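Novice: One structure is given below, represented as structure tokens, and several questions about it will come after.
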Amino acid sequence: MIVVQVSDTHIKSKGKLAYNKVDIHKALYNCILHINNLKPKPDLVIFTGDITDNGTNEEYKLFKETVKLLDVPFYVIPGNHDNAENLKREFEEYDWFEENNHLSLVIEDFPIRIIGLDSSIKGKSYGGLSEERLLWLEKQLNKFPDKKVLLFIHHPPVKIGIEHMDVQNLQIGRERLADLLGKYEQVLALACGHVHRVSTTLWNKIIVLTAASPSHQVALDLRKDAKAEFVMEPPSVQLHYWTEEQGLTTHTSYIGKFEGPYPFYNEKGELID
């Protein structure tokens, strides 16, 4: 099974560049083309928050126009830049969300279960999990204790060493989430967005993964006084590849035209020297 994770598309109003620099509309289009050209074809795509930059209806409509080009099913959960009411209204036809007070979802139609957990708090850049959301998650994990789960959330519960991002990670319900996940061994990993960088952290025996953006990336600067800056490093998506024999492997798939592929071996089967 292949799950593509896309995070932090930050779609703005038509013709608007992010930070007067980044053509996020073109970036999303290129991302969709990239996913459609993947071999083998993924089973689904999940967008892990910050779908839009300001949460307006116009931005969600523009996002939807582009992602409808996908050849595979897609799902979304919100991030801190999103507006939950507008997001739910614009995607009401998809019937993803079963709760009224948060936009969390469960996908049951595959060899492993996909759970998307809403960590957004209206008006806040940091994330949080209320007791209601945590109880909902616990209920979902109790349903099929023998079936593996890949859990998605926007805000990572860990610090990645970039100060201006770490102060706006998952701030509320973090310890309760750690305790909860520690009880359920079927959770393969917690896959996050928000930080615009690929990272891996072992947190309370739980693998926490973060994804880069298909547009711009947060600058990698681990100094305590580092400025809040972005760089135009190669855009990418995450490919979460699961097999029953081995379990979960996650790849970073870069978007763009690169040299190659070139063969390692010649026509005689000899290593090219």
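Numbers here mean position along the shown chain, with the first residue as 1.
Glycine residues also receive a Cβ, built from the backbone N, Cα and C atoms like all the rest.
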Novice: Looking at Swiss-Prot, which one out of N20, N80, N83 binds Fe cation 2 in the same site as D50, H154, H194?
Specialist: N80
Novice: Need a hand: Swiss-Prot gives D8, H10, D50 for Fe cation 1, which of H155, H164, H196 is also on that list?
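Specialist: Of H155, H164, H196, H196 joins D8, H10, D50 in the Fe cation 1 site that Swiss-Prot records.
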Novice: Taking the Cβ of D8 (Fe cation 1 binding site) as the reference point, list residues of the same chain whose Cβ is under 8 angstroms away and which are at least six residues distant in sequence.
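Specialist: Counting only residues 6 or more apart in sequence, the Cβ neighbours of D8 (Fe cation 1 binding site) under 8 Å are T48, G49, D50, G79, G193, H194, H196, A211, S213, P214, S215.
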Novice: Within the same chain, and leaving aside D50, N80, H154, H194, name every residue whose CB is within 8 angstroms of the centroid of the CB atoms belonging to the recorded Fe cation 2 site, in sequence order.
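Specialist: For the Fe cation 2 site the neighbour list reads S7, D8, T48, G49, P78, G79, H81, D82, S119, S120, G127, H155, G193.
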Novice: Excluding D8, H10, D50, H196 themselves, which residues in that chain have a Cβ inside 8 Å of the centre of the Cβ atoms defining the Fe cation 1 site?
Specialist: S7, T9, G49, G79, H81, G193, H194, S213, S215, H216
Novice: Rounded to the nearest Å, what's the C-alpha distance separating H154 (Fe cation 2 binding site) and H10 (Fe cation 1 binding site)? Just drop the number here, would you?
Specialist: 13
Novice: Roughly how many angstrom lie between the C-alpha atoms of H10 (Fe cation 1 binding site) and N80 (Fe cation 2 binding site)?
Specialist: 11
